[in-house]
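Per Swiss-Prot, these features apply:
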- 26-46: transmembrane segment (TRANSMEM)
- 71-91: transmembrane segment (TRANSMEM)
- 107-127: transmembrane segment (TRANSMEM)
- 137-157: transmembrane segment (TRANSMEM)
- 166-186: transmembrane segment (TRANSMEM)
- 189-209: transmembrane segment (TRANSMEM)
- 212-232: transmembrane segment (TRANSMEM)
- 233-253: transmembrane segment (TRANSMEM)
- 273-293: transmembrane segment (TRANSMEM)
- 299-319: transmembrane segment (TRANSMEM)
- 340-360: transmembrane segment (TRANSMEM)
- 373-393: transmembrane segment (TRANSMEM)
Amino acid sequence: MNFLLCIFKGVYVIKLIQRFFKLESAGGILLLFSAVVAMLLANSPLSNQYNDFLNLPVSLQIGSFSINKTLIHWINDGFMAVFFVLVGMEVKKELFEGALSTYQQAIFPAIAAIGGMVIPAVVYWFIAKQDPSLANGWAIPMATDIAFALGIMALLSKQVPLPLKIFLLALAIIDDLGAIVVIALFFSHGLSVQALIFSAVAIIALILLNRFKVSALCAYMVVGAILWASVLKSGVHATLAGVIIGFSIPLKGKKGERPLDDFEHILSSWSSFVILPLFAFANAGVSFAGIDVNMISSPLLLAIASGLIIGKPVGIFGFSYISVKLGLAKLPDGINFKQIFAVAVLCGIGFTMSMFLASLAFDANAGESVNTLSRLGILLGSTVSAILGYLFLKQTTKLS
């Protein structure tokens with residue numbers, strides 16, 4: 001009898017897990033859970049073990065070629081490159097077939113996204129300008145964590161109009177493009193000509209694979225791995241290799257198959273349920289030891305939090321509203337400016353993407369206090385934006 005009861009409970013638990021992973025908000029919930037676990041570990045008696053685990057040296061060697069990095073760097077440079085493969089594929093799909101495929105469809109979210117990148121950077125600069133050592137952090141509040149934002153929106157999925165979801169997705173994709181440009185232009189250092197030549201050869205190989213509509217995903221994975229390693233050694237940030245790989249995968253194969261859709265389907269689950277939660281676990285572990293109330297007035301914390309809480313909604317909503325009033329763009333049918341403002345507030349959830357940019361802006365040499373304050377600013381700004389965004393979205397969509 002006990003044996004049958006155990007089997008019944010096991011089946012019930014499996015069904016609950018399966019039901020959870022089918023939820024639209026599952027990725028966002030898992031992200032939040034990973035971040036909370038990281039913070040609990042960082043502020044518990046296990047904090048040393050947590051940090052030792054993240055700083056565990058991991059080496060890869062093939063002949064004379066070797067990559068030696070700590071586990072957290074493998075997560076940030078390697079796993080996040082895989083995430084950016086997915087970003088590259090999503091951007092390509094939307095540009096050629098989706099919400100960004102025509103001028104009329106693309107211009108409204110494009111203008112909104114520009115505002116959502118420029119104004120947060122300006123807010124950050126205005127608050128942090130007195131300390132030159134903080135100058136590199138201007139890009140941190142520019143980012144939007146699309147997984148979290150869509151997860152919050154999914155909690156209200158039954159009452160959120162479809163055009164509003166499409167607007168958020170298009171906005172986030174253009175936001176990702178902006179982040180890619182920022183990484184390429186401002187966070188690539190000490191370039192190696194030899195590694196760049198290897199990278200160029202790998203890119204040419206990917207272009208040829210695309211040109212001949214090769215559908216075998218393993219071919220892109222092999223060449224992509226070579227590209228990633230070359231880009232990593234070149235001094236350009238390795239996540240850019242992911243974007244190039246994503247763009248190289250063809251939308252359609254020779255026989256009408258859709259390699260990009262197939263690969264996107266595979267990677268989306270890995271991204272939502274493994275890569276991003278792992279990144280959150282590795283980067284959200286902020287220790288509160290030694291932190292006092294006075295730190296809340298720190299220019300770095302205030303600059304990041306204000307950029308996310310104030311800069312994002314002001315930039316997105318302001319640029320959207322002005323573009324429509326000047327006749328540069330048209331408000332999509334089925335949504336209103338109150339809902340646009342709610343989405344703009346929601347886009348202040350920078351979380352994993354902001355933490356990623358912070359890891360590029362402030363390396364280990366910046367000091368523990370700078371890294372801690374930057375992560376605290378991101379957590380504060382993202383939490384406030386998530387709560388306010390949810391409340392505004394609930395109110396504005398209920399009225400519609």
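From the backbone N, Cα and C atoms, a Cβ is placed for every residue, glycine too.
Listed by sequence, the residues of this chain that lie at least six past the ends of the transmembrane segment (189-209) yet keep a Cβ under 8 A from its Cβ atoms are 219-220, 223-224, 226-227, 230-231, 233-236, 241, 244-245, 248.
Sequence-distant contacts of the transmembrane segment (212-232) (same chain, six or more residues past either end, CB-CB distance under 8 Å): 65, 67, 77-78, 81, 85, 195-196, 198-199, 202-203, 205-206, 238, 240-242, 244-245, 248-250, 252-255, 257, 259, 262-263. The transmembrane segment (233-253) makes contact with the transmembrane segment (71-91): 3 or more of their CB pairs lie within 8 A, with pairs spaced 6 or more apart in sequence. Contact between the transmembrane segment (107-127) and the transmembrane segment (273-293) is not supported, since fewer than 3 Cβ pairs fall under 8 Å when only residues 6 or more apart in sequence are counted. Nonlocal intrachain contacts for the transmembrane segment (299-319), taken as residues 6+ away from its ends with a CB within less than 8 angstroms of a stretch CB, comprise 111-128, 130-131, 134, 137, 140-142, 144, 171, 337, 340-341, 343-345, 347-350, 354, 358, 370, 373-374, 376-378, 380-382, 384-385, 388.
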